[in-house]
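For reference, the structure I am asking about is given below.
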Amino acid sequence: MIKNYGDRYHLIDKKALEDKKLDKDQLVEFVRTSGISDIGKNYNIVSIIGSQSTGKSTLLNQLFGTKFDVQNRQQSVGQTTVGIWLSKDVQNNVVVLDVEGSDSVERKSGENMVENQTALMALAMSHCFIINVFLNALGQHTSCQLSIIKIIMQQNLKLFQQDTVKHIIFVVRDWDEDANYEEASRRLNGYLLNIWNEIPKPDHYKETDFHQLFSVQVVTLVYYKMKKEFIEQTNDLHAKLSNQQDPNFIFKDFDYEKNVRWSDMPQYLSNIWEVISNNKDLNLPNEKILISNMRCQQIKLEALDGVKQLNEDLQNRVRTKLVDNFAQECQTIMNLAFKLYDKDARDYHIEVYKEKEKELKDELVNRFYTYFQKQTEQLKQHYMNTLTENLETLKRESIYNLPDKLNELDLFKLQFEEQLAKSVIQKGLWQEEDHIRYFRQQFDNQLKAFVEAQLATFKQQLDNIIKSECDKIVSSQVLNISSKFWQQIESDYYAMISEKYQKYEVLLTGLRVQQKQIEDYLNKFEEDSFHNLKQVIAVASGRFKDQLFQQFKAQFVRAPDGQPRNWQKLTEEEIFHCYTDARDKVFQLLDSLRIRKIKFIRQQVVLKKKAQTLIISSSQKVQYQISSDADSDDVVLNDVFYTQVKMQLAEDIDVQYQDAIQKHKQDFLQNIPKPFWFLLLFFMYDDVLRWMGNPLFLYPILIILCFVGFCIAIGLHSLPKLAFQWVFRTLNQAVIPIIFGGISKLKGS
């Protein structure tokens, strides 16, 4: 069965009525080949209904230049139009529907529902209805098609209330000059009003004026054989329906945006006819929204496909490197997608258009977000690598330059934020603040680790410096031990450590160390510094004996003017006086070092802790030992060490004294001839042997040897030596002068 005649199309035919669906493929072909698809949404649809064989098709052909089949009046009367035919005004954007006539003698009994379905289809499609009636039939209810309108109103009130206002034009045919126009208009409007009042309505529409849903006009046409008048009247009616410049144009306020584009009309009409033919409730806005959804979804996918290559290119680049102007490229892709979408989708339902546009944006944004995450990783990696390189360079810098350098490194965080801001298409869209916060934390952690490592290295260097300074302080006092030994060490230590403390505190603050950590660092600095001082003093205490001995020699061997003493010119009493005076001074200095302790205490001064030495005198010794922080390691010279030092010092001092005495007597002994000593040994050797055999001589010798061995065994090596020195010193002072004095007298006599 032929449906497509090129200039007209059989939209609803017997097959469509039987199958309850349209042949959408043929309709698509007709829309394409007839040029109707080119008019887009800027069109109006006009339908004509009326009794059969009343010249409806003829009237349409006269009005719009269409070529609907018309009845040959010389043949038998019958139905020409079956279902609904569709065509287009040859000059204007008006689509015309020729609807099957009512009161068909060919229609079988019980097919009124089919008539209603075709009328409802026309109503669903049309913006304006031309109801074709004859003047002599105004009193016939059926002839005026009012019964169909009643059924449509009664069953499909939602159709009117949801869509645009429908225009109804009653075309009264075969009008003559004797007819009363006002009476005809009143009667036709009265019929419609009666129908409106009779049909059931929702509560909120019970008081609604009929004219809020329908715009009704009555137009009269003379008998068609009065060609001149008939043509003039049909031209006027055509102008009302198609000429937007005509003052009586009935579609002046029409919203063309609500129209379905003719390219989508096949699907739209198929959906409508399926609903109508199955006697379902028809909801035109929903059908339009459905079509808009389908087309806008398709256009959205086409727009995404149109920017697919750009998306893939951006994705590939961001995987391998940092992309400059990332956000600008994303925006360019999005703008292009919107342009492609808007070009084909802007004529569809505005809400659907916006919804799909938002979906398009969301899909692109979601894709861009995956790229953004990779871009952010690249950005973080770039600045973290830059930070690492700069920190490697800073390792060679002085730590005192680090505070200023850290301020310079902070610029990297600002640069990261600026670059990240250039990578987002909308502030706050991709939670960039979280990325900034995480990067700052990662950046600060690496910076903190670097600072801690540098501080650890610096602390070792500082400890070495403190130890060296302490060694200088203590050594300067050890080289000249005085009664102010401890006071001077304390004073010099404080002067040195205070300067270092202040610099260290300023450095820690500049390196952004937290206040609690600063206190910990300073406490550790105080304790370690003081520990270094204690170690230096402990090591220096090993030189106390030698230094005191040197100071003894300086006082004993040299006169007050600094010149060496001439022992031969001094008497033994004078030598002994010099000896005891120098010895007592040295022992007094040694005694001042004997039980001194170094103790670490803190004093809260302007919220700063300081280390200081506490010199505890002999009277405080017991009190200190029972204190809670007493430590035996704090003692500089304990009792055993003190005894050893004093004995060794006394031994060395006595040797000096004996040496002085020997030098004093050196003249006298040198005057005795050497042969005399050989003769004395020769004549006395047998007496020596005899003495050795005498128990009174042997036993004392054995006792002395046992005493010496015992002292050596218990570690008192110097005790026998001191005893022998004392014995020989006594003999030297008492016996020898007597012997040599007698010899001198004999020589003198």
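Any Cβ shown, glycine's included, is placed from N, Cα and C.
The topological domain 'Cytoplasmic' feature in Swiss-Prot is assigned to 1-671, 717-749; the stated evidence is sequence analysis. Positions annotated as domain 'GB1/RHD3-type G' by Swiss-Prot, on the basis of sequence analysis: 40-265. Taken from Swiss-Prot, the feature GTP binding site covers Gly50, Ser51, Gln52, Ser53, Thr54, Gly55, Lys56, Ser57, and the record attributes it to sequence analysis. The coiled coil annotation in Swiss-Prot covers 445-465. Here Swiss-Prot flags 672-692, 696-716 as transmembrane segment.
Tell me about the surroundings of these features in the structure.
Note on the topological domain 'Cytoplasmic' (1-671): its mean pLDDT in the predicted model is 79.
The Cβ of Gly55 (GTP binding site) lies under 8 Å from the Cβ of Val70, Asn132, Arg173, Tyr224, each on the same chain and at least six residues away in sequence. Reduced to three states, the DSSP call for Gly55 (GTP binding site) is coil.
When Cβ-Cβ distances below 8 Å are used as the criterion, the coiled coil (445-465) is approached by residues 384, 387-388, 391, 394-395, 399, 402, 406, 409, 500, 504, 508, 511-513, 521, 524-525, 528-529, 532 of the same chain, each at least six residues removed from its ends.
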Counting Cβ atoms within 10 Å across all protein chains shown, which of the binding-site residues Ser51, Gln52, Thr54, Ser57 comes out on top?
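Its Cβ has the most other Cβ atoms within 10 Å: Ser57.
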